[in-house]
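To start, the structure under review is shown below, and the notes come after it.
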Amino acid sequence: MFSLLLKDVLILKKQFLLVLLFILFANYFMVFSTSGIVFIPGLTVVLTYALVVQSCLLDDKANSELILLSLPLLRRDIVRTKYFSLFFYALSSILSTLIFQLIKALLSHPTAFSLTWGIFLTSIFAASLMGSVYYPFYFRLGYVKSRIISTVVFFTLFFGSSFVAGLLNHHSQSPVIQALGKAVQWLHDLSTLGSTTLTLLFILLFTGSSYLLSRRFYQRREF
Amino acid sequence: MPNILEVENLSKTFPRFSLQKISFSLAPGYIMGFIGPNGAGKSTTLKLIMHLLHKDSGQIKIFGLDPQHYERQIKDRIGFVYDENHFYEELTLKAMARIMASCYSHWEPQTFTSYLEQFSLPPKEKIKKLSWGMQMKFSLALALSHQAELLILDEPTSGLDPIIRHELIEILSALREDEKKAVLFSTHITTDLEQIADYITFIHDGQLVFSRAKDDILERYALVKGDPGLLTRENQSLFTGWNQTRYGFTGLVPDRAQARLLLGNRVLFEKATLDDIMLYTVRGKAHV
């Protein structure tokens, strides 16, 4: 797995630099929001998605699967590393944002904010959700075919949230929405330990199911 | 000594092509040439051996092991060169080698460096800046640097200049001296094989034509030249294929002794090359 992670890091060197520049730009101008709870998870998802897709694009461009699958690696190693690198990209993005925010705080910049445990978990959860949706398509269909589907799914997830929020507000008196509201309130009232455990369980459930599905698809692929 | 590679009744069906019951084996210390025209199924066979494709039926054993269950252990002992390069163009040779090296348990940095020097490959150059021939040489250097016991080469010499092709042949000959290693060498350039191959496996249209010792093949097959009148219905069965003009015919016989017995001194016998054998087998009974 180390070899494959090393491969991703080496082929994405330029992209990592671009991501850093983007994080610097986004942090300086706070282009998305003044609230960390929206800004950091949003930025994490966008940048993780960009790196995941770039990595898959470069693999596809080189048709490198022929080489990778001829090395002493198993197909499941390749799938596992893609999921592992997803978290690596997300953590790198969060860490870079944190560093820039710390610098801003040191410079007493008015828009500096601190990274809370909740923001961190939400960011990881959002990135893992995105990857869990993208990878099964990628491993089943390859990069080119999966690109269209994944783009649609990604933008639906990303922008659909505001539509869903609007819908929830509009039908706020419906019993289903009220039950959902109670569930959200219950989640909100949970202790840090409770909410952390629940979030981690969700991450494990989504990512685990997605990984098993991707592995199954990839085992059947032919090159 | 047990075979390094055993392929038995290997079959794979695609919508427009099928590989049918291919069988051959390769013992350590030998080089096998794998020949056939384009689309014969050579790359499909090699991909099945490398587990890039899933077989429909048949058996493959490498180092006596089933690749489906011992894939990692087997591939650690295989060196491969494909007919196209599938490296990351933006990486330098050094970076690409670093990735590959981390996958193998017996990577030898000194061997790799010496091949880079031998092939005049600059380690800090980006792969995209290399010519096609240089990329192929880089691929060879990678395949030869981790003590591979089985080398699988898919058209490694196409695109290489004659000097490097000669160097490659020398390297492969040296490898053969280590009696633990074997080479499966698919190529269109059969003159390379006539120099170094011990065995030839010939497939055509997804079917095995033969898999035999090269010397035996070259000894048994012959080109026969003679008067067109000699190509009677009875005599035609002696030939794998022939080319006939109004002045004469040239044909390939798979059994020189039998042909000599029946045709005697009425025809001229000449040594057949692997190219002749492939050409007449593929074209069959062509008439002009």
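Each Cβ is built from the backbone N, Cα and C atoms, and glycine gets one as well.
The transmembrane segment annotation in TrEMBL covers A:12-31, A:37-58, A:83-103, A:115-137, A:149-170, A:190-213.
The list of residues near the transmembrane segment (A:12-31) in space but at least 6 beyond its ends in sequence, with Cβ under 8 angstroms from a Cβ of it, reads 39, 43, 47, 50-51, 54-55, 58, 92-93, 96-97, 100-101, 104, 111.
Here the transmembrane segment (A:190-213) has long-range neighbours at 79-80, 83, 117-118, 121-122, 124-125, 128-129, 131-133, 135-136, meaning same-chain residues at least 6 beyond its ends whose C-beta is under 8 angstroms from one of its own. Same-chain residues lying 6+ beyond the ends of the transmembrane segment (A:83-103) with a Cβ under 8 Å from its Cβ atoms: 1, 4-5, 8, 16, 19-20, 23-24, 27-28, 36, 40, 43-44, 47-48, 51-52, 55, 112-115, 120, 123-124, 127-128, 131, 135, 207, 210-211, 214.
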